[in-house]
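**Q** I have a structure I would like to understand better, so I am pasting it below and will then ask my questions one at a time.
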Amino acid sequence: MNDPSCSSADETAHPGRLVIISGPSGAGKSTVVKQLMKRCDVPLQLSVSATTREPRPGEIHGQDYFFLSHEEFERRRKLNDFVECKQVFSMGQWYGTLKDQVATGLNAGKWVILEIDVQGAMAVLDDPHYRPVTIFVHPGSMEELERRLRNRGTESESSLTARLETAAAEMQCLSRYQYEIINESVDNAVTEICQILLDQRKTTPCSKN
């Protein structure tokens, strides 16, 4: 799936780009993104999200997450400091992408990657200020997704059911994305996404919304 409406242009006209990579839990997108950062010959920068949850052992503020108090997060949310944010009700915590994180990367000529869920991606697409490259990663079928989630061995039946229901709803938004990647092999998925980004360096920013 791609968007033919983007026109050719000199990449120096827009050196920084926003890239959204989404996909259901269990699709392997985090692994793909980590490998993409290492292997792709594009100046990538992974956006660091903000959260109200407590740091886990070994996590570093500003590197893994920006750890904010609930009060600070709410203050910044009211100031419209987030590109997108949401509360994960099952955890009682907030997560979001700070505008200054994105702006700093774009102004430095980086291709800023947002590894965010569909809800966050739709919020970005609805903001005319951003015209991101949008990529949806999934395992090819709901059956394969269920198999991968079960193989993790970390999900209760109720949690598994909830994740699959969320994934089914997220798949309904696939048409809002410019590119679809079926992650049957991490190496192949990384190669496909890297080629997409290399091709996009020759086009003007566009979005499919």
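Each Cβ is built from the backbone N, Cα and C atoms, and glycine gets one as well.
Here's the feature list from Swiss-Prot:
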type	residues	note
BINDING	GLY23, PRO24, SER25, GLY26, ALA27, GLY28, LYS29, SER30	ATP binding site
DOMAIN	16-198	domain 'Guanylate kinase-like'
**Q** For SER30 (ATP binding site), list the number of other Cβ atoms lying within 10 Å of its Cβ atom.
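**A** Its Cβ has 13 other Cβ atoms within 10 Å.
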**Q** Let's check the environment of ALA27 (ATP binding site): how many other CB atoms sit within 10 Å of its CB?
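**A** If we count other Cβ atoms within 10 Å of ALA27 (ATP binding site), we arrive at 25.
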**Q** Quick check: with GLY23, PRO24, SER25, GLY26, ALA27, GLY28, LYS29, SER30 left out, which same-chain residues have Cβ atoms within 8 Å of the centroid of the ATP site Cβ atoms?
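**A** Here the nearby residues are VAL137, HIS138, PRO139, ASN183.
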**Q** With the cut-off set at 10 Å between Cβ atoms, which of these binding-site residues ends up with the most neighbours? Options: GLY23, PRO24, GLY26, GLY28.
**A** GLY23
**Q** Give me the mean pLDDT over the domain 'Guanylate kinase-like' (16-198), rounded to a whole number.
**A** 95
**Q** Taking the Cβ of LYS29 (ATP binding site) as reference, which residues of that chain separated by at least 6 in sequence fall under 8 Å from it?
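**A** Those within reach of LYS29 (ATP binding site), by Cβ under 8 Å and sequence separation of 6 or more, are ILE21, SER22, GLY23, GLU115, VAL137, ASN183.
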**Q** At a 10 Å cut-off from the C-beta of SER25 (ATP binding site), count the other C-beta atoms across all protein chains.
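**A** Excluding its own Cβ, the number within 10 Å is 20.
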